[in-house]
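The structure's right below; bear with me while I get my questions together.
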Amino acid sequence: MPVPKAELHLHIEGTLEPELAFALAARNGVTLPYADTEALREAYRFSDLQSFLDLYYGLMAVLRTAEDFTELADAYLARAGEQGVRHAEIFFDPQAHTARGVPFGVVVEGLCAALDRAEERYGISTRLIMCFLRDESAESAMATLEAAKPYLGRITGVGLDSAEVGHPPAKFREVYEEAARLGLRRVAHAGEEGPAAYVREALDVLGVERIDHGLRCLEDPELVERLARERVPLTLCPLSNVRLRAIDAIGDHPLRTMLAAGLVATVNSDDPAYFGGYVEDNFDAVRDALGLGEEELRTLARNSFLAAFLEDDEELRGRYLAEVEAYGFGA
Ligand SMILES: Nc1ncnc2[nH]cnc12
Ligand SMILES: [Zn+2]
């Protein structure tokens with residue numbers, strides 16, 4: 001059994017495997033511009049974040065009903081369970097669905113039908129984080145936050161994703177202020193393709209508690225020192241970074257440098273259906289390419305639970321942390 005871990009950077013729409021995409025397309029009468037699953041997989045050669053996003057948003061056309069979202073989440077949770085995930089904080093992109101006429105409530109209710117039975121079926125506790133598309137307007141993000149109000153009992157936090165460069169965090173200052181007033185936790189993608197300054201801005205202007213990716217923080221040593229001192233977790237996604245060409249090869253990933261700098265690094269899968277692996281596959285990839293040892297792997301697993309939004313259930317966090325300490329690597 002893989003090491004117990006929390007997955008903190010996972011877009012549920014990014015778990016849409018080609019087989020499920022075609023099955024949902026048939027069920028919903030949607031025609032996909034690919035002959036079959038093989039042709040679709042062939043298209044997964046990305047040159048940057050935008051080239052991925054174009055395909056990712058396009059394929060979402062097959063997601064129409066609450067049941068579709070339930071199936072999607074169920075398929076992820078089953079895979080995640082096999083990969084040692086004990087706790088999952090799941091992103092979703094409401095605007096990518098409401099823009100196609102799928103109501104906010106359909107998405108949340110569909111996802112929650114799967115999340116509600118995840119503990120019982122897969123032994124996984126869950127949280128839901130709604131992400132704003134940063135290449136859409138702040139007004140659209142605010143309207144999305146408004147649409148979320150009837151469902152706030154089910155939503156733990158807000159995030160910020162999509163095309164990063166040219167859409168700095170400060171664009172969403174008021175939206176994040178309102179989210180904080182509503183008692184929502186705050187995270188944001190920053191420093192994936194964008195500069196270290198965006199990481200700083202996400203902390204200072206949006207008040208985020210974790211940085212998603214944060215890769216480019218390394219270009220600013222003072223910022224690295226601050227992230228380490230304030231113990232701001234980074235949710236890294238190594239296979240994603242290779243596929244989206246943020247780095248040339250997995251062996252170039254700066255994870256080891258980040259751990260040595262005292263950063264609270266975690267390893268996650270981002271969009272596993274598109275990037276060639278789920279979370280344990282990411283652990284395996286960095287272990288093999290960077291030669292990580294038992295203590296580094298245990299630190300990554302421990303960090304994932306320390307960084308999780310489990311303040312409402314510290315007993316559960318404690319149990320997960322005890323599982324990490326008791327885990328026997330190489331068994
Ligand atoms: N890696 C990523 N970066 C930004 N937005 C995303 N949406 C889904 N995956 C993403
Ligand atoms: Zn992401």
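Just so it is clear, glycine is given a Cβ too, placed from its N, Cα and C backbone atoms.
Grabbed the feature section from TrEMBL, which reads as follows:
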DOMAIN    4-315  domain 'Adenosine deaminase'
BINDING   His9, His11, His189, Asp270  Zn(2+) binding site
ACT_SITE  Glu192  active site, proton donor
SITE      His213  site 'Important for catalytic activity'
BINDING   Asp271  substrate binding site
Compile a sequence-ordered list of residues in the same chain as His213 (site 'Important for catalytic activity'), six or more apart from it, whose Cβ lies below 8 A from its Cβ; state 'none' when nothing qualifies.
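For His213 (site 'Important for catalytic activity'), the qualifying residues are His9, His189, Ala190, Gly191, Glu192, Leu234, Thr235, Leu236, Cys237, Asn241, Ala246.
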Among the binding-site residues listed here, His9, His11, His189, whose Cβ has the fewest other Cβ atoms inside 10 Å?
His11
Work out how many Å separate the residue listed as 'substrate binding site' and His11 (Zn(2+) binding site) at their Cα atoms, rounded off.
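Spelling it out, the Cα of the residue listed as 'substrate binding site' and the Cα of His11 (Zn(2+) binding site) are 6 Å apart.
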If you count CB neighbours within 10 Å, which one among the binding-site residues Asp270, Asp271 has the smallest count?
Asp271
Taking all residues of the domain 'Adenosine deaminase' (4-315) together, what is their mean pLDDT?
98
Any idea what DSSP makes of Glu192 (active site, proton donor), helix, strand or coil?
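Where Glu192 (active site, proton donor) sits, the three-state DSSP reduction gives coil.
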Given the recorded Zn(2+) site (His9, His11, His189, Asp270), which additional residues of the same chain have their Cβ within 8 Å of the Cβ centre, ordered by sequence?
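Result: Leu10, Gly14, Phe91, Asp161, Asp212, His213, Thr235, Cys237, Ser240, Asn268, Asp271.
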If H, G and I count as helix, E and B as strand, and all else as coil, what does DSSP give for the residue listed as 'substrate binding site'?
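The residue listed as 'substrate binding site' sits in coil per DSSP, no helix or strand.
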